[in-house]
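Taken from TrEMBL, the feature domain 'FMN-binding' covers 72-155. Taken from TrEMBL, the feature transmembrane segment applies to 202-218, 238-255, 289-313, 333-351.
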Amino acid sequence: MNLKKTLTILGVLALAGALAYGRVSRENKTIQYLSDHFAPAAVEKTGSSPEAYRVVDGGETQYLIYPGRTTGWGGPMTVAPVLTPKLVLKEVLVPEHRETPLFFEYLLANGFFEQFAGKTPRDALCVGKTIDAVSGATISSKAITRAVDSGMALAAEDVLGVKRPAPDIRWRAGKEELLLLALFAAALACTRFKLTRAKMPLLILGFLFLGLMMNRPVSVSNIAALFMGHAPFIGDDLFWWLLVPGSLALVALSGKNIYCTRLCPFGALQELIARTGGLRVSVPKKIQAVLRAGALGLTWLALMVAFATGNAAHAAIEPFATLFGLKGTTVQWYLVSLALGGSFFIPRFWCRFFCPAGVCFRKAAGLRRSVTKGITIQPHMGKARHETPTD
């Protein structure tokens, strides 16, 4: 076994170990958070199924708490509705979350949690009806609202013995989902039939739709969330489920990295820069090899951190959200400038040498080709004949 294969096996085993560690090392921090929040009052755990707590002060129960788990855009959250003994909602706490920090900050800055005060189990909490979502954090708004409503239903059943019917959660494909499926079908067809002239129009459509309109390019944190089981609830975000697993499905169907070459909005912008004003500087092959090895190492490190910490947001090192959302730190804007500036000299500068999501897609495509490159053993003059199927 050569060194490359050995390192590959060790790297995969390390990722599997980090993923397992991230799952088993999680500890419930809810009671510690609640104790700190309600001090000097005492917080007692009153049940495990469902999980329940009460806040006691002066020998009397002040509040009842029924925490619930939910998953937003970036990761899981623990949401704890705090109710009075008469089951009137006082406030909503979030003892622990692994949501994308920017989205959670949107919720806090726009007073999202304040609108829950005064609600009772009789109020069917639903975004768009009884609760207003925060623009830019709609998925997080839906996830938290669903968790609060579930906790209040548990409180009504536990305290009053009233079992409320489960909410009728319906989801359907809207125009955005249908447009995404149409883009996928067009990209797959163009790849299958080698329609090279359609490449740039498809990239422009990807730039306009996935980038400017939706601000939803695939990132390595999305891929990490999928493997970690931190995907958003399908009823909240059908688009995510079509985009992320769907992009990997394109690889499985074609054996090619269709998303990056045909649909990526950030790749499209770099391609446009290179075509309209690029200088096309030649990069020596040795330097290319070093840069690509660095991208592979960076991707591995990002996934290791995300898996080990159980937080997919820790893998978010791409400049996509900063560019298309027009919000980010100074460092993130420097990264955008570096990526786009490099494209004036080297076509697809970021894609070729730095993009972690691109590394994941290329590795997936390589794995698919390896799996489907079957060896059929047939008797022929006493020897085995190898056949390689066409991709």
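Even glycines carry a Cβ here, placed using N, Cα and C.
Small disclaimer: the values here were computed from a predicted structure and weren't measured.
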Going along the chain, which residues at least six beyond the ends of the transmembrane segment (289-313) come within the CB cut-off of under 8 Å?
11, 14-15, 18-19, 21-23, 25-26, 74-75, 98-101, 220-222, 224-225, 227-228, 230, 283, 352-356, 358-360
For the transmembrane segment (333-351), give me same-chain residues lying six or more residues beyond its boundaries with a C-beta closer than 8 angstroms to one of its C-beta atoms, as numbers and ranges.
260, 264, 266-267, 269-271, 273-274, 277-281, 283, 319, 322-323, 358
Please compute the mean pLDDT of the model over the domain 'FMN-binding' (72-155).
90
By DSSP, how many residues in the domain 'FMN-binding' (72-155) are helix, how many strand, and how many coil?
31 helix, 19 strand, 34 coil
